[in-house]
Each structure stands twice: as C-alpha cells, then as structure tokens.
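Undergrad: Sharing a structure, written as structure tokens. Questions coming.
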Amino acid sequence: MHFYTRTDLRGKTFCFRFDFCKDTDERRPSENLGQVLFGERIETSPYKFTFKSDKACVKVCTKSYDAGSKEDKLKLDFLKKGMELNYQHHWIVDNMPVTWCYIVEGNQKVCNPGFPIGCLVNQEGKPKDACVINADFNKKNAYYIFNHVDITIFYHSGDETNGMSARLVAATLEPRSVKHSNDDKPTCDGTPMDIPAEFKNNLKVTYTYSIQFKQNDDIRWASRWDYILVSMPHTNIQWFSIMNSLVIVLFLSGMVAMIMLRTLHKDIARYNQMDQEEAQEESGWKQVHGDVFRPPRMGMLLSVFLGQGTQVFIMTFITLFLACLGFLSPANRGALMTCSVVLWVLLGTPAGYVSARLYKTFGGENWKTNVLLTAFLCPGIVFVDFFLMNLILWVEGSSAAIPFGTLVAILALWFGISVPLTFVGAYFGFKKPGIEPPVRTNQIPRQIPQQSFFTKPVPGIIMGGILPFGCIFIQLFFILNSIWSHQMYYMFGFLFLVFIILLITCSEATVLLCYFHLCAEDYHWWWRSFLTSGFTAVYLFVYAVHYFFSKLQIIGVASTILYFGYTLIMVLIFFIFTGTIGFFACFLFVNKIYSVLKVD
C-alpha cells in the first residue's frame, strides 16, 4: 500500500521540478481523459506503509545542497520560490485525499486536501501563510520547509460476518519542520528547519514521516468524504449567498412575468378590437409585424453559433444532472471533464440540425458552408487556443502538458465522431422546411425611428448581461478556486440550481429588452437577443481579470498567457451558451405575441 503524490503548481510552469524524494522503482498509474486535460499527474511516492503497522520517524531520503554548485543553487532557489508562493502538496491514499486539518477563527475545524511545502518569514519578521501556526518560526528572512509529516490513518473494522474487511475511511496529517541532528538516525524532535534566504553554506534536508492507524467505526465507507466536504471553508457563505440570490431572482422573475403578461394582454386585446384605419395609426410593437421576421444580416454565422450553443447547453445540462446524482463526485477523479468531452462529441447531431434548420429559415442556400462552419468554427477556435497553451507547457517543461497521443485522440474523437454526427444532423435539418413565421414579411423594410439612449443596441446589450452575471458570480468564485487553486468543488446541487436560475434570468432579461425595443419600433432583434444574454460572458471575463490580480500569485509571462488563454476558452463557450438561451427565449416570445395578432 502506498501514496500517490502530486504538487500543486497553481498555474505556474517551470523548467525544473521540486527536489523532493522520489520513488524511481514504481511506474505511474494511468489517468483518464479528464485528469489528463486538467493537468493532474499522479506519481508514486516513497512514503511506504503497511496496514495497521505504526511507524515513528522513518527516514525517506536526504537532499544535499553544495553552496559551490550552480545546479544545487537552482534547485534550492526553486524550492524557496515554491514556499514563497505557498505551493501545496496533494497526497492520495486509497483514492482518498490526505488532509491537513486545523482550527480557524470561531473554533471551526477546516480540512484542506493539501498542505504547503513550507512557509516564509519576511525581512520584517512577519510570518506568511502557514508560518503563523508555530511561534518557533520567528527567524527573519528565512524559509521553513515542512520536511516531516505525522500521518494518521483511520479505518473501519468491517463486518466479519458479512465478509467485509477493514477499510480506510480517513487520512490526515500534520506537517512539521524539523532540523535533524543526525541525518542517518533521525529522532524528529528537533527545532524547526530554517533555510536562510541567502545560500552561503552547504545544506542538508532530511525528509521523514511517522504513521499510526486508528480504528473508527463511526465513519461509514459510503460517507468517508463527508468530513472533508462539510469542513470546506466558505460553506456557510455559499449557502447564504445562493439562497439570497434565489429569493431576489424569483422576486424579479415574478415581477417581470406579471408586467409582461398584463401589458401584452391589454395591447393585444386593444389592437384586435380596432378597425384597419385605427390600427394604422397605432404605434409600438404591433406596427413592425411586417418586418419583425425579416432575415438577419450574417444569418450564416448566427445559425452556426446557435447550433454550437445548443450542443453546449445539452452537454451542460446532462453533465450537471449526472453530477447531482453523484456519478461525477470528487471521488471519481477526472470524471466531470471526461463526461463533458464525451457528451460534446456525441451531441454533434443536434448542433448540425439546429444550425441547418435555422439557416434554412433565414433563407440561406449555402448549405455546405453552413455545415462545415458548424462542425469546425467554434471547436477549431477552442482547439487552436488549447494547442497553443499546451505548446507553452511543452516549452516550459511542465508536467501538466498534454501528451501528443492525447491530442491525437482528441482529434480522432472530433473528426471521427463529432463531425460525421454534425453532418447527419445537418442533413435532417435541411430536409425539414424552414420555420414559418406567423405573419408575412413586407417587401420594403420599414424605417426605424430615432431611438433614445436606452433603446439603442449597445446600452441594451450591456445592461442585459448584468442580472444573469449577478446570479452566477458567487459560484464562479468557487469554480475558479477549484481550477486554479486546486480546491475541491462538490456542491453540484447548488450549481445545478444556479444553472436553472441562469436560464430563467437570461430568458427574462432578453425577452424584456426585446419587448422594449419592439415597442420603440426597432425590429432588429435576431442578433440583439443573442448578444444581450451573451454579454454575460464579458462580465465573466472582467471578473476573471479581477480574480487574477486579487486572488492569485501568478508571475511570469508564460503563466499569465496560460491563465488568460484558458480563460478565453471558458468565455467563448459561455458566450455561445448564454447567447443561445437568450435567442430561443426571444424567438419563442416574438412568435407567440405575433401569432395572436389579427393581421390582414
């Protein structure tokens, strides 16, 4: 029985690896597609143990650094840089994270699925990060490396009558910094191991560990992750924030629905009771019935975006639904990303169908260009961005770089499955007739009157994304933490709820603004409905920029390019996703209100 370990690089890439003890005798276990895409590389560890066999102060290895060696200086500088940036170890045993549990303000116990490699006391004598836990970390301008860990394994004794053997239910550790007086026979009770900021003298760092096993029959095997999830920080904040957002959104939804229904009902009833001469004098959304279904400009591009947006929407819905049922829990490493990729590949048919059907509705005839753009435009942009980011990882020598074989496999899934399915969907979409509008379109376009500031396209689009973003920014914080700070995300029930709220909010905001523009006799609603809710992605990008500068400690040009490169992929997918929601909500709304008008 042994550990798997990996080091959290928090978005950084370097040409060197940390100079820790390594296990060269064992092979790395295989990772699934999701783990590879997320950059999770699991390596075997030299920290060995036998079940129910306690050990005290076991030496793992000793690392020596010669002050006259340039290579040793680079290794030590790299190690100190990692401590300065609070890099984390992540250890796994029996697929369970080895957690570091500590007490925070309010006497609350927090269990973090990782522990720092060390900490720093700056030149002013102020301890940083984990150095605050020990008053002995008091030497100015010094680094303290956690070279010793006290590991505790909790196990359930099992049920011998049912043939159930003992099982591991929890694994915790306590990191310590120990300066060993005897590197060959360590005792693990020395003073903290400090590394001076200036490397002038030879240095030896000995890594040790102690392990003990404790029986705990109160923790069941099925709920062994609960103690980690319950103790995660900000849990109470997330509960309160989501409930608050839910109440606000439901209140606004009720108000919008009431106003829209009452106003539209009166307008339609009054318009249908008028004679033809009175109707000609009427102004507002009724007067543009002859132009509201005029095909939009760049209908090809809009239909392609909507086809891809449909594909992303169905993929997201199924993935979150399965995650709510527990199939994609944190215990199944990489399952979330693997499920998303597989679903996206298999959902090429609805993308091709929606794109082709809408393009035909717009009066388009270049069906070959439409299906090719649907199959290659957005996925091609994402793949090129992803490949360039991976190229940077290759150049930097990062272990998070995607192997060439995995890239070939992704291309095979794209060209071998997704593209043919897109062609199949487009075939059925073009065989179907275009969607017939409820009213006839005039041959001569109606002149649009002068618009006020708030009914002009740009202000309306900017305002349309504020409310949907307000519903997701709290969850966005935790999602970004799980991606860039390697914190564990597990509240998929809340995420699914926020997903539903996002659908409602995008739909209502777009419909409301669409109604205002139609009342101002501006019938160019096709692209505007897509961009109104899609503008939420711009706010997402602004928040990602804020998160980068306020929460992360990423330095270097390569690391910055990586962060914003991957962020742009998220923004593009979110733009297409939210834009599609707003468009179809507005499309159904416009078809509905004009279908009940009595137009000669």
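Note that Cβ sites are derived from N, Cα and C of the backbone, with glycine treated the same way.
No curator has checked TrEMBL annotations; they are predicted automatically.
TrEMBL lists 239-261, 304-328, 334-359, 371-395, 407-430, 461-484, 490-518, 530-549, 561-590 with the feature transmembrane segment.
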Undergrad: Determine which recorded stretch among 304-328, 334-359, 407-430, 461-484, 490-518 has the most C-beta pairs below 8 angstroms with the transmembrane segment (371-395).
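TA: By the under-8 Å Cβ criterion, the transmembrane segment (371-395) pairs most with 407-430.
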Undergrad: Does the transmembrane segment (461-484) make contact with the transmembrane segment (334-359) through 3 or more Cβ pairs under 8 Å, each pair 6 or more apart in sequence?
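TA: Answer no, regions not in contact.
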Undergrad: Ranking 304-328, 407-430, 490-518, 561-590 by the number of C-beta pairs under 8 Å to the transmembrane segment (334-359), which range is first?
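TA: The stretch I would name here is 407-430.
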Undergrad: Which stretch from 407-430, 490-518, 530-549, 561-590 shares the most C-beta pairs under 8 Å with the transmembrane segment (304-328)?
TA: 561-590
Undergrad: Could you check if the transmembrane segment (490-518) is in contact with the transmembrane segment (530-549), meaning 3+ Cβ pairs under 8 Å among residue pairs at least 6 apart in sequence?
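TA: The answer is yes, given that the two segments have at least 3 Cβ pairs within the 8 Å cut-off.
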